[in-house]
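Novice: Quick one: the structure is below, questions incoming.
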Amino acid sequence: MACSSFLCFAFTAVLMASCLSAPAAGDKEQEQLLRRATALSFGEGYTQLFGDSNLALHGGGKRVHISLDERTGAGFASRDAYLHGFFSARIKLPADHTAGVVVAFYMSNGDVYERTHDELDFEFLGNVRGREWRVQTNVYGNGSTAAGREERYGLWFDPTEDLHQYAIRWSSDRIIFYVDETPIREVVRTESMGAQFPSKPMSLYATIWDGSSWATSGGRYKVDYKYAPYVAEFTDLTLRGCATTGDTPACPDGGGAAAMSPAQRSAMEAFWARYMTYGYCYDRLRYPAPLPECRVGAEAAAFLPSGNAKASSRRRGGRRHRPRGGADSAL
């Protein structure tokens, strides 16, 4: 992420709330993009990867349920690979005790480039009962998993109660992640990133799987299958980009370069200030010298050396349950 100074730390609580309650509503370019993007049925654009009967189609293939139980998880992928574009889905996550459960909505070319793959992730990390899901975004380019660029956030709603839109906009010069049209992260291509900026065609994936070894408090809390099956719902699956053959794109930027209006940037900065719970640019244990694209300022005081936000500096979203202790015992 190109970490600009967090101007939002000077915002008032009223301004932050207004930015998030009306996410980029006045941004005409973003609205036009969403209107042009067409949701495909499962049969039109996707294929099942694994999970046999743990993938179920509803509404003529417009809604997809993938589930995790003792036998297996499930997953599907786009039939084509794309170089740049806009990719989104409306997702509803499993409720109740979901520790260890991982739902992922992401782009990757790991099946083609084993050692030099690119990846753009939304990873939804389950939690113990009474604690909210966490959302993690990852950016990997040219196999740069060792230089992970992870960020983790809470949300201002309960993602298990209703469907919400999650989107990735990827162009040749930047990547923007959105939640319900609010941009939550921007990664700007810089010379210092070099090949670590994703630049090869990728397919779109959705999976649910058992991440007991790491997903909740570093593996402290495992999947409890007495609550299974865990079902994630996907709908309004949107692919708007350049379908490719090999490394040859049909067009260079998937229909236009990514950009943000001033109102969208303010909303993103407000989101960072209120809901970011981990930032790789603040992880001094992992990166004693921040990665070159990081621009760390006074806002770093809100983060521990581990990169985790100090408990007192972030308000929880989701179900609004209050922790019984001090710092989080789960993510």
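Using the three backbone atoms N, Cα and C, a Cβ is placed for every residue, glycine included.
If you look up TrEMBL, you'll see 1-26 marked as signal peptide. For GLU119, the entry in TrEMBL reads active site, nucleophile. Taken from TrEMBL, the feature active site, proton donor covers GLU123. Feature annotation from TrEMBL assigns region 'Disordered' to 307-331. What TrEMBL records for 312-324 is compositional bias 'Basic residues'.
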Novice: Under 8 Å Cβ to Cβ from GLU119 (active site, nucleophile), same chain, six or more residues apart: give me those in sequence order, or none if nothing qualifies.
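Specialist: Once residues fewer than 6 apart are set aside, GLU119 (active site, nucleophile) is near TYR106, MET107, SER108, ASN109, GLY110, ASN138, VAL139, TYR140, PRO198, MET202.
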Novice: Using a 10 Å cut-off, grab the number of neighbouring Cβ atoms around the Cβ of the residue listed as 'active site, proton donor', all chains included.
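Specialist: The residue listed as 'active site, proton donor' is surrounded by 19 other Cβ atoms within 10 Å.
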